[in-house]
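The feature [4Fe-4S] cluster 1 binding site is assigned by TrEMBL to Cys14, Cys50, Cys84. As annotated by TrEMBL, [4Fe-4S] cluster 2 binding site applies to Cys159, Cys163, Cys166. What TrEMBL lists as domain 'MTTase N-terminal' is 5-121. Annotation source TrEMBL lists domain 'Radical SAM core' at 145-378. Feature annotation from TrEMBL assigns domain 'TRAM' to 378-438.
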Amino acid sequence: MADPRKLFIKTYGCQMNVYDSERMAEAMGGAGYVETSTPEDADMILLNTCHIREKAAEKVYSELGRFKELKAAKPDLRIGVAGCVAQAEGEEIMRRQPLVDLVVGPQSYHRLPEMEARTSNGAKVVDTDFPEEDKFEKLKKRPQAKRGPTAFLTVQEGCDKFCAFCVVPYTRGAEVSRPVSQVLTEARDLVERGVREITLLGQNVNAYHGAHEGGDWTLATLIRELAKVDGLDRIRFTTSHPNDMDDDLIAAHGEVDKLMPYLHLPVQSGSDRVLKAMNRKHTAESYLRLIERIRAARPDILLSGDFIVGFPGETEEDFADTMALVEAVRYGQCYSFKYSSRPGTPAAERPLVDADAASDRLARLQALLTRQQREIQDEMVGREVGVLFERTGRIEGQMTGKSDYLHAVHVTGDVAVGDLRRVRITESGPNSLGGVLV
Ligand code: 5AD
Ligand code: SF4
């Protein structure tokens, strides 16, 4: 038998892209490809791209340029661009970078093997459809090979909220939930393969409304059902919109033991004026009240969020409101970004905030967020937490896992990958915790 051809995938952006990359690798597995971790020995290179901020797309173009020599040395090498830049730019990618053989969007990658076959005579292939058919139905059943203890599972995609800054409604399309039976089957299969923790993914995951006979299920109903799956020990979900945190989902945080005490709930800004301009459809006050209700259900929950500074029209006073909101919430972890104008979005038409002012605000916000993160991490010292071990650590004999609160935890001791153990936290470092087995 001929050696299998090798596929190198590089993934940018969000966790949904990580999930999609895994599914694309599996689909190409059916076409005789095995994955490799080095582009140099690949027969096909696929960049799974992100379009959320400007630099993301620029990084893709500079990365593509670096494959020039590889392609010259191996003319048969296929180069493909997938994901959200592919969706947004389409054929433009090949015009800007003629090395590229195929461009496939996030809703049509079930056609990837067939597209790859069509490139064999040097043809250029582009597919950025939003097809009628469901890619998840068309993708073959996932392989049964054993795998690591944590997995992502996309349950919902796309978005109908149209925040004024965001490309997602254009790159991922309208909001669609996968049917309940599809999700449950995939979750049970993952558990069979050794998975103990599943993170349910969606751009708006708490708006999940999966078809089920007798009526659609909400995310809370889905989580309660998944919690009954033997062998599945931890459930997480990301990312959520404040307006879709319904009562039952809040209650589930207090009632479902397997639902981990960590919630990513982006607010973007603490200024009502900016929130309105962003078309967020909530206020700073309604967000703070929501956090109070969530903390009432699960007092130890660790909150994370996303912030944008320098949104068009943002003043120093608006920014002060953001800082005040952060002080009020106390986040365990956060992502913060300078506003980046995205073509085709409503905010792209608006005048930009002075670049230096925006950089300065970002630095101040990040200093505050880092301080909070460190404080909350330091408060973990002395506490006992669950840790699911994911890999061997960098130091001999050390194992690394994630706590219930999603902190990276290093432990030296007799544990294996996939073990879920109680750990007493003894140290807090810049980005991780150290502990001892209980
Ligand atoms: N500019 C800067 N940050 C953005 N995000 C989304 N769109 C933009 C943009 N145009 C951030 C938001 C979102 C996260 C995934 O990325 O904070 O929650
Ligand atoms: Fe980036 Fe958004 Fe696409 Fe994820 S969905 S890859 S964050 S543009």
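Every residue number used here counts from 1 along the chain in the order it is shown.
Glycine is no exception: its Cβ is also placed from the backbone N, Cα and C atoms.
A TrEMBL annotation is a machine prediction, not a hand-curated record.
Features recorded in TrEMBL, as mapped to the structure shown.
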residue: Cys14; record: [4Fe-4S] cluster 1 binding site; CB count, 10 Å: 20
residue: Cys50; record: [4Fe-4S] cluster 1 binding site; CB count, 10 Å: 22
residue: Cys84; record: [4Fe-4S] cluster 1 binding site; CB count, 10 Å: 27
residue: Cys159; record: [4Fe-4S] cluster 2 binding site; CB count, 10 Å: 23
residue: Cys163; record: [4Fe-4S] cluster 2 binding site; CB count, 10 Å: 21
residue: Cys166; record: [4Fe-4S] cluster 2 binding site; CB count, 10 Å: 21
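With a CB cut-off of under 6 A applied against ligand 2, none of the binding-site residues Cys159, Cys163, Cys166 are retained. Cys163 ([4Fe-4S] cluster 2 binding site) falls within neither a helix nor a strand when secondary structure is assigned with DSSP, and so counts as coil.
Model confidence over the domain 'Radical SAM core' (145-378) stands at 97, taken as the mean pLDDT rounded to a whole number.
Listed in sequence order, the binding-site residues among Cys50, Cys84, Cys159, Cys163, Cys166 whose CB lies under 6 angstroms from an atom of ligand 1 come out as Cys166.
Within 8 Å of the centroid of the Cβ atoms of Cys159, Cys163, Cys166, where the record puts [4Fe-4S] cluster 2, the same chain has further Cβ atoms from Lys161, Phe162, Phe165, Val167, Val168, Pro169, Gln203. Within 8 Å of the Cβ centroid of the [4Fe-4S] cluster 1 site, not counting the listed residues Cys14, Cys50, Cys84, the chain contributes Tyr12, Gly13, Met16, Asn17, Thr49, His51, Ile52, Ala56, Gly83, Thr171.
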